[in-house]
């Protein structure tokens, strides 16, 4: 990086008039209230989701381990974002009339940036682990059932490699220079930021295709079993596979939709930044925290989908046992119907 570029970012110590107006505006304060509310709700539902996975788990052990790790990651991410927002609100109130003390220097945000982006990328690539966990369970069910923890640990390891690789390409070695209004904003000298967001979007798109395909295969397999098997146990297992695949599919689609807000949304904001005033841009940007929204959806879906599945499971078991009984009873009913 040439010296001129470093001098330029270092010289922008004081907030412009537009940035000052934005940071002290009701709009940005409302965005912080929204984000803090989302974070507090995510804490509540994360507690419920962890308890649900521990006591009333409807997923395989492999999927459960992945979800538990993702929930712990989400708590760390939300806590980091909460600290970032509280610092910004405090500074916007205390230094409202001092534009040169409103922005944060990169060195004031190094810890937050490190934790924030590592947990952000780990959340993004959780869709990879969940999608391929379902794919492996679909194509190699016997191996999957006997090696569930190995499968989940292997997928989580790949997820971690993706996370560290993305952080290395995007932020590792970036000079600690420049000023930002929020500590979660990417440094101005991070030149690969847009490419990273595009790569994250591509990975999530591929994972959605894989998950929808696995869900289709699960539904197709269940229909075949319903037509050819009279064993309540086999029919029940097929139903459970569909329920698990459906839950993971919902999780991934919601994660994708939320994370798309921060990846594509931020990219488009940067592209059209020249058409927006400094004040307009900085009023909109604080709302684009997709991973924070996704970290609320994750425990919410786990908890609500588990309750719904347990209720449907009881109904399904009742229907299967009352309708079919054992195979002998079913054959006797068929004989009577053929007489």
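Note that Cβ sites are derived from N, Cα and C of the backbone, with glycine treated the same way.
According to Swiss-Prot, the feature transmembrane segment maps to 26-46 (among others), an assignment based on sequence analysis. Panel annotation: around the transmembrane segment (26-46), residues 71, 74-75, 78-79, 81-82, 85-86, 88-89, 92, 282-283, 286-287, 289, 292-293, 295-296, 298-300, 303 of the same chain, lying at least six beyond its termini, place a Cβ under 8 Å from a Cβ of the stretch.
Within its own chain, the transmembrane segment (65-82) has Cβ neighbours under 8 Å at 35-36, 39, 42-43, 46, 49-50, 53, 59, 112, 115-116, 119-120, 122-123, 126, 129-130, 133, 148-149, 152-153, 155-156, 184, 289, 291-292, 295, 298-299, 302, counting only residues six or more beyond its boundaries. The annotation transmembrane segment is assigned in Swiss-Prot to 65-82 (among others).
Look at Swiss-Prot and you will find 112-132 (among others) tagged as transmembrane segment.
The feature transmembrane segment is assigned by Swiss-Prot to 151-171 (among others), with sequence analysis given as support.
With a threshold of 8 Å between CB atoms, the same-chain residues lying at least 6 positions outside the transmembrane segment (199-219) that come near it are 121, 124-125, 127-128, 130-132, 134-135, 138, 162, 166, 238, 241-242, 245-246, 248-249, 252-253, 255-256, 259-260, 263-264. Per Swiss-Prot, the feature transmembrane segment maps to 199-219 (among others); the stated evidence is sequence analysis.
According to Swiss-Prot, the transmembrane segment annotation covers 248-268 (among others), on the basis of sequence analysis. Long-range neighbours of the transmembrane segment (248-268) within the same chain, counting only residues 6 or more positions beyond its ends whose Cβ lies under 8 Å from a Cβ of the stretch, are 63, 120, 123-124, 126-127, 130-131, 133-134, 194, 197-198, 200-201, 204-205, 207-208, 211-212, 214-215, 285, 288-291, 293-294, 297-298, 301-302, 305.
Swiss-Prot lists 284-304 (among others) with the feature transmembrane segment. Beyond the transmembrane segment (284-304), the same-chain residues lying 6 or more positions past its ends with a Cβ under 8 Å from any Cβ of the stretch are 28, 31-32, 34-35, 38-39, 41-42, 45-46, 48-50, 52-53, 67, 70-71, 74, 77-78, 81, 119-120, 123-124, 182, 184-185, 247, 250-251, 254-255, 258-263, 265-266, 269, 276.
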Original post:
Short question: which residues 6 or more past the ends of the transmembrane segment (151-171) have a Cβ under 8 Å from it?
Top reply: 61-63, 65-66, 69, 113, 117-118, 121-122, 125-126, 128-129, 132-133, 136, 144, 186-187, 190, 192-193, 196, 199-200, 203
